[in-house]
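Peer 1: According to TrEMBL, the protein has these features:
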REGION    C:1-23  region 'Disordered'
TRANSMEM  C:30-54  transmembrane segment
TRANSMEM  C:86-114  transmembrane segment
DOMAIN    C:90-305  domain 'ABC transmembrane type-1'
TRANSMEM  C:126-147  transmembrane segment
TRANSMEM  C:167-188  transmembrane segment
TRANSMEM  C:217-235  transmembrane segment
TRANSMEM  C:282-304  transmembrane segment
């Protein structure tokens, strides 16, 4: 496991030189001793990691390793599960995300989320984009904002003639890109993506990956993925999670290794990571 | 299955094909199937017979007198159910006004806000399930003891509407909850992840999607209230009334009670009159039920 | 295209307390209070029922001993001398309920098994609405049909003796049974549909016939839901008023002959309630005493049914 201080020297990836500028010296999240419980069951145990600004951080690992649970902690979506309880600390720009005064609504306006299955609202494309700004009291010109956002998400040309038609008429890949566009319309700083391509075909997946690459210049992105190639393709840093099974047969997710993506895939420090990467396990 | 079971390979050729040939459905199976069908047939036959009977019996009296005339004990040929029909309309209007908002708000609370692990929320839930099965005459006792005499509302449209609202409230709540529950979790997640508050999410995403289902439930609840007679017997509904209600403070009668009244009369003319009024009542209810079913199919789930 | 400026509507990240609520949301609190208030209406209803029942019943039992009430065999509260033995009313209720169950349990369960295990979607779409319409017919109409059509029919076809009286428990019970079929059928079908398909597939794979799967696999697995359906059916039969008030007669009659007329608890309450008795009179109080007994009986059955339904939901959902 690396500490934040290892990061600045990430110059071994000349083909993506812009990554150099982004280092863990400018952290967005600092996670310390994070555990998540569902009822009495400890689903994730003692996670420590730092997430840097305007990077794509991938979380990989076998099913049930708790990576989706962890990502839902970053914008307090776990609050919505009555039995869920979070222990340990997540700081967001030095502010405790789970502090007493913190308002989860305010958190989610800064830290957006894209889900596994595309989930557009059963409304028009326009209304899907306008929804976030509307609920947070946007006073400016919505038409401009919708156009700007869709252009930003590289979707404008595909939908500009049917803004008033139902978002459900779009293809799955377009729906998912609409969901990403909808998220950036609120102008968050961070976008969380929970297996955003798992319901899509390879072509749609490639488009989403392109979009992620472009968006990472302005947004901090954390992505959970089942797909190791995807993590290798798009992410700057990768966290590998796995699940320990205790004597009662319960699974407890834990973070095994967290490093620059290239190191995780080429020189993993931990045998379990190596086994997973090389397909011997998981 | 254990591994030491050696599968017996069927002999090749003719014996195998013979073995797979069925011996036809055993008699027992057919009898069972038929008796199940017969149980449903009883319901169908009963329904057809009932409808045919009331239409045939009521046919001679099924004309405009039913809705344009008032009750008349002396001369059945002049009698009609206008005051009862108007009473039903007034009371159902008020009932809708009381029970629909209350029921829908309760459903929203239980589905969207309440922590199901808390004992008091579970108690509310069990309480509603029980209320749905409390005999309607007991609601009549509640109306009589508390609303009419205790609170002093008297034998009025108001008392009747409040009593019926409480009677159908569980139905409104249970059907609204089902409609809300049918809205997928992912829609709520999407809205909340965009920074919407809980109420914004409910108001802008959940409720619009749940409206058709809630409307269906509301119509069914109100049709139950329209057909209900027992509790209103205790609230003065059987009084002989030859005028239409003029407001919440009016005395009242309603269609099912007017029917009950005519059934109790021994003269044959009144039986025909009761049948004719039953046809009117059933037509109203059938229209409402069809509307509910149409709504349900028209706005069947889009996800 | 230029990147939109970040966070233009909010305080800068990192400034103290930037994750606090940016504007007060009083509306959210008001809404929540409103929702809780609405939910308390149903709680108040139950409390209201109890409050309506207890004081007049207490008053009643000051005049009549509980022993006389619960074990007396004569019920004539408005005559002189009055008798307050509730057994004839309870007997009438049980007689009509028993007849109703003899009709509704086999037919309701048969319908449920058919709909859950046999019917293809086309047949379901015919039979389901029939059951829904049956459930939607007002009970005053059922009562009318029992009195004017079923009773005369029974008289016509009765093989020996005089046959049923004008008011009788048999016709009322039969019609009530048909009325309860949808209640039992729909709840029982729900619980059968909740039985996992794996169980059925397993049985079919072992060469079971459809009847064997229905009776030996699905039926036992859904048993608690089926019992719940029957218990709820009993509760509805005990609480039904209009059918018995119209077709079973208004004379308290402790008898085992279903061909005779007999008054049920509900029919008595309705009859006494029609009379507009003065508050505080013993006649008025009898409404509440009998009502309390009725409420307790149905409450026990409802809670039992709710428990059983939860049980099968816990197992399969």
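Please read every residue number as a count from 1 along the shown chain.
Note that Cβ sites are derived from N, Cα and C of the backbone, with glycine treated the same way.
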Peer 1: What residues in the same chain, six or more past the boundaries of the transmembrane segment (C:126-147), come closer than 8 Å to it by Cβ-Cβ distance?
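Peer 2: Residues packing against the transmembrane segment (C:126-147) from afar: 111, 114-115, 119, 166-167, 171-172, 174-176, 178-179, 181-183, 185-186, 240-247.
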Peer 1: State the residues, same chain only, that lie 6 or more residues beyond the ends of the transmembrane segment (C:217-235) and have a CB under 8 A from a CB inside it; answer 'none' if no residue qualifies.
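Peer 2: Distant Cβ neighbours of the transmembrane segment (C:217-235) are 97, 100-101, 104-105, 108-109, 112-113, 116-117, 180, 183-185, 187-188, 190-192, 194-195, 199-200, 203, 208, 298, 301-302, 304-309, 311-312, 315.
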Peer 1: Based on Cβ pairs under 8 Å, which of the stretches C:30-54, C:86-114, C:282-304 lies most in contact with the transmembrane segment (C:167-188)?
Peer 2: C:86-114
Peer 1: Using a Cβ cut-off of under 8 Å, list the residues of the same chain at least 6 residues beyond the transmembrane segment (C:30-54) that approach it.
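Peer 2: Residues 288, 291-292, 295.
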